[in-house]
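Student: Right, I'll just put the structure down here and ask away after.
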Amino acid sequence: MKFAQKFNEGMTVEWEDQYVDYNLLCRKLNSIQTLKNQLGDMQHEVEDIVIEMSDESNSAKEDNSTEPQSPGGQFCEEGGEGDYTMLTTKIATEEQNFWKEFDFNIEKIDVFYCDRLKESCRFINDFYDRLMAFGLVDPKQHKKEKFQPIYKQLVAHEKKGIKKVLKYNNGDSENSRENKRNQRKSLKIAASMFQETEEVGGSLDVIDLAASTLKHARSRRGTISREGSFNSSDSKKKGSSTISSEEDSTDSTVKTNEGSEEGGNSDNNEGICEEDILDLEKEHSEISRRKRNKLRTAAEEYYRGLLLMQNFCSLNNEAIIKILKKSDKITGYDRMETIKDEILESTKFYKMVELKILIEETEKLFQDAFHETNRLNQFKINSQDINPMRYWRIGVLFGGTIYVIILLIIKIISYYRSIKQSDDQLLNTLSIKKITEKEIISIINMTRAFLLFSLLQIYWGIDMYIYRRVRINYPFIFDMQKRKYNYIHAIESGITQILLTTTCLYCMMVCLSPPYGFEFLNNIPYWIFPLINVLILTIVFIIKQIRHSWVIKVIFRIISAPWKKVYFKDFWMADQMTSISPFFSDYIFCITFFIVGWITNNDSNSEFGGVKMLDYTKFINPIFSCIPPMFRFLQCFRSARDSGNMYQLANAGKYFVSICNGIGGGIRSLYKTVTVPIYIFINLCNSIYSGTWDILMDWGLMRKKYNFLRKKTLYYKWIYPIAIAIDITLRFGWTINIILLYVNWFDENKIVKECIVVVISIIEVTRRGIWNVFRVEFEMTNNMDKFRATKEIPLPVPD
């Protein structure tokens, strides 16, 4: 593997602009190499010309020629000397530009390193105070003052600056200082605009009062215990009457000291009860247990940030050494050792002394505070390559799914022909069991539910594969563990669900139209196989969520949208739910279908009783199609309240139109002829509104000064116009239904209409899969602009 590829794959993408510009420096060195080669060729040409001229002069002397020599040779020498001087000057200029760029990159890395470490020192100081307030560390073993010299050294180093290869004049030094100020300004802006994450330390101030009260109560309990022992020793000498009088005085003291305890006086320690102290300790232990987990999360994120900075410095150091070696090879001067001793030694990032101290102290502090030695090792484990057997298994599942789908299509066609071309007597002869139109529509609804969910999972897997190829840090964006869920898991799960669904459908068709000799299969009810499919997929989903509960947690946050702060993973998942809104109504239909059919069905040859629920779908479907947009609608208001961004209110308007669209679809199912123009108008407004918002706000495109794209893109430029066209086109997929309505095709065939609804739902899920690719990319570019590679955990400073 070439070092450039290793360098690009190993860097933290959010800090991409702060790494050494390895490709640019290599290009500059290559241009110097090209000029050197031209200079060498010119020297060889001059040497050949000199040899030829010397041979001609020798032959002229032998012939004793008296004719005057033409000045052409002298002119050629002067012309060659001028080209030689020009090339030499150009090489010197290129070398100077190279070293200027080299100095700029060194200074850029050093400034970023110092600023990040100063933030780390401030955080570890506040974090240490928190641990001290909870009594999780011993102040004798861990002293807070050990971090102050590191901070002072970094500040002094920033004032002093680093040494440079070239000596600049005043103008160049002012330009470098201006660039440094601009970089610091951007770093400060990025630090203030940290990513919205769960507030780990937001409510820790409440604990300070409880901790101080508990400490005060413990001191009182110590006084009570000492006084109790003293009174017990006196009781041996005194009578029981004295003891009773002391108890009475103690009770009176308790009553008189209640007001002084509220005022914070600690002089009268006799008035505290042992039960009150135990209750206070229990309450504090419960609070600290909850906050202890959040403190552990803050420590883990802080430690991960230190490891990322260590990787940042190591990659830059390796790249710089490679560049210096290449420079020595091209220029022919041995400057590497001198630059290492004088220039790189004057920087802080080269040896990483302060960073190593912070890492060691954090490991000790984490071990002593939380008594867990192996928890931090998970951040040191390098990502393992995916087992090739997983790819083979996906191939087998995909091939099996295609094979079963082909068999299912052939079986459906043969069953349809046999029904069409046969009379009732022949049906009985061939043992072909006919099912009603309502039963077929019920099977389509139950199949559609899991088909949409499976397709969405496959699209998630494809999206994650694309994120991995373009180096988008999607585990950080979605706050999930990469080892537990990656693109292989998503694709494999989706294909497995489709394989199971199609297999159950094929088995159902075999029982409806059994082959010769297997007529006994006709006695098996057709609804057994959809029931098996529903039960297996539901149980598997529950088991997966018990092991990896990321989806359930996010869904719970979506349901409680008005009361919880909204993060990227929350509204992203809510948007996925809006695209598969038919899944929820179809799944409810599956449950009611089997429950009602199990209760009401008595005759195996009659129509299954669950089909009665089709009469209620016209009421159930609009309700469940409005629930996901309603959650997203509430999230927009909560985001506008928390961030003060009024664009969220406009986004809420988009989902309000979607809710109106769902209500209009329900009204249209009841009154088909009256509301068609209104239905078209609402769908048109929804498509235009949503499509415009997708391109301008969700993807951040159509910026005029960036050629109608955006400032930073991670995909090829030609992909974006195609994606815009596809998104807008798929937004108008509902027009298929309107066209068929006005053309009056399949007007009497309800089965074909349900199949068209399935096609429109698949179009929407496909559009959502494309939307995910560019929405997460836009979030990644925001993280890159703000240098967000770890979750910022705000910890309030204790009083």
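Cβ coordinates are placed from backbone N, Cα and C, and glycine is handled just like the others.
Nobody curates TrEMBL annotations by hand; they come from automatic prediction.
Residues or ranges marked as domain 'SPX' by TrEMBL: 1-341. The region 'Disordered' annotation in TrEMBL covers 56-79, 217-271. Taken from TrEMBL, the feature transmembrane segment applies to 391-410, 449-467, 487-512, 524-543, 580-599, 677-697, 718-745. Among the features that TrEMBL reports, domain 'EXS' is placed at 612-799.
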Student: Can you tell me which of 391-410, 524-543, 580-599, 677-697, 718-745 gets the most C-beta pairs within less than 8 Å of the transmembrane segment (449-467)?
Tutor: 580-599
Student: So which of 524-543, 580-599, 677-697 has the most C-beta pairs under 8 Å when paired with the transmembrane segment (718-745)?
Tutor: 677-697
Student: Using a Cβ cut-off of under 8 Å, list the residues of the same chain at least 6 residues beyond the transmembrane segment (677-697) that approach it.
Tutor: 647, 650-651, 653-654, 657-658, 660-661, 664-665, 667-668, 724, 727-728, 731-732, 734, 738, 771
Student: What residues elsewhere in the chain lie close to the transmembrane segment (487-512), defined as a C-beta under 8 angstroms and at least 6 residues from its ends?
Tutor: 386, 390-391, 393-394, 397-398, 400-401, 404-405, 407-408, 411-412, 415, 432-433, 435, 443, 447, 450-451, 453-458, 460-465, 468, 521-522, 524, 526, 528-530, 532-533, 536-537, 544
